[in-house]
Amino acid sequence: MESNTTTSYVPLFYCVILAAVALRGLSAATNGQELASNYYDLTCPKALSAIRSSVLGAVHKDRRMGASLLRLHFHDCFVTGCDGSVLLDDTPSFRGEKTAGPNDNSLRGFEVIDAVKSQMDSLCPGVVSCADIVAVAARDSVVALGGPSWTVQLGRKDSTTADYAAANTDLPSPFMDLPALISSFSDKGFTAKQLVALSGAHTIGHATCRVFRDRIHKNASSDIDASFADSLKSGCPPLAGSNDTNLSPLDAASPAFFDNAYFTNLLANQGLLHSDQQLFGGASTDAHVADYAKRPRAFHADFAAAMVKMGSLGVITGTDGEVRANCRKING
């Protein structure tokens, strides 16, 4: 803050240059249809470092939170695009996406996003969107767990609505066979190889008993290692409704590290979810799984590229959206 007893002098031509640069940046930020990595350089230069610090703190307290924030971004982008719609709470006249089947009592991390939003509005009120916070938090979570980084394109606006029905239909299910998975990702513009790379996110995180119970008990197919299935049965009894919410790591080998162990697990028929193991075992995606199991750097590079692509799905820019004051509800 400047002293009341001093006056600083800035040449007029310098002011004109600064104004021109600022106007160009703001024009791209408010009216353009493309995202930019430097979107907040002028309007909130400390935004990215502040988000990173908050995410690192949250992941340090709870390693699972890294996977949860990554999953939150995925569930946002696959339903109406990366627009922050997944963050909206239900109201008496509005049903959001949080209570849809794939999300209800499953998605986590909302309080982390709330805390980051509060911090953003202390730094630069009304500037940083909730959708951008979710996208950056996903990247920083992966990095915090030892995974790759990528350049997050910024400038998303927040939606003023959500789509409960789409949240029930557009998100891939853990019970899907490979053709359905390929179709689900293809509908969003991803190749089968990108499906495999993005599925590698399951190298971190956990799943509840109810989504893998049948896989380990009925064992109708031969695509699960018997000793692996046996190791899970005590924590996930066969009776539906019993211990439904018990958790098991998606990657038992290194559940808190973003590495390529997920793929080596699949080679050994130790995928926790049916949809995971569908990627390997006489499948058209076998070669991609085997490659990522051997080449962790290739997996990291392809995962980062696919995340950049996912982050561009259905974004809202310009005046078509808003920057919410509260990530859980629309303005006004």
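The backbone N, Cα and C atoms fix where each Cβ goes, and this holds for glycine too.
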Recorded disulfide partner - CYS124, candidates CYS44, CYS77, CYS82, CYS130, source TrEMBL: CYS44
Cα within 10 Å of HIS202 (heme b binding site) - qualifying recorded positions among HIS75, ASP76, VAL79, ASP83, PRO172, ASP251: ASP251
Per-residue Cβ crowding (10 Å cut-off), top of recorded positions ARG71, HIS75, HIS202: HIS202
Close in space, distant in sequence - ASP251 (Ca(2+) 2 binding site), Cβ under 8 Å, 6 or more apart: HIS202, THR203, ILE204, ALA261, TYR262, ASN265, LEU272
Count of other CB atoms lying within 10 Å of the CB belonging to THR203 (Ca(2+) 2 binding site): 31
Residue, out of the binding-site residues ASP76, GLU97, whose Cβ gathers the largest set of other Cβ atoms within 10 Å: ASP76
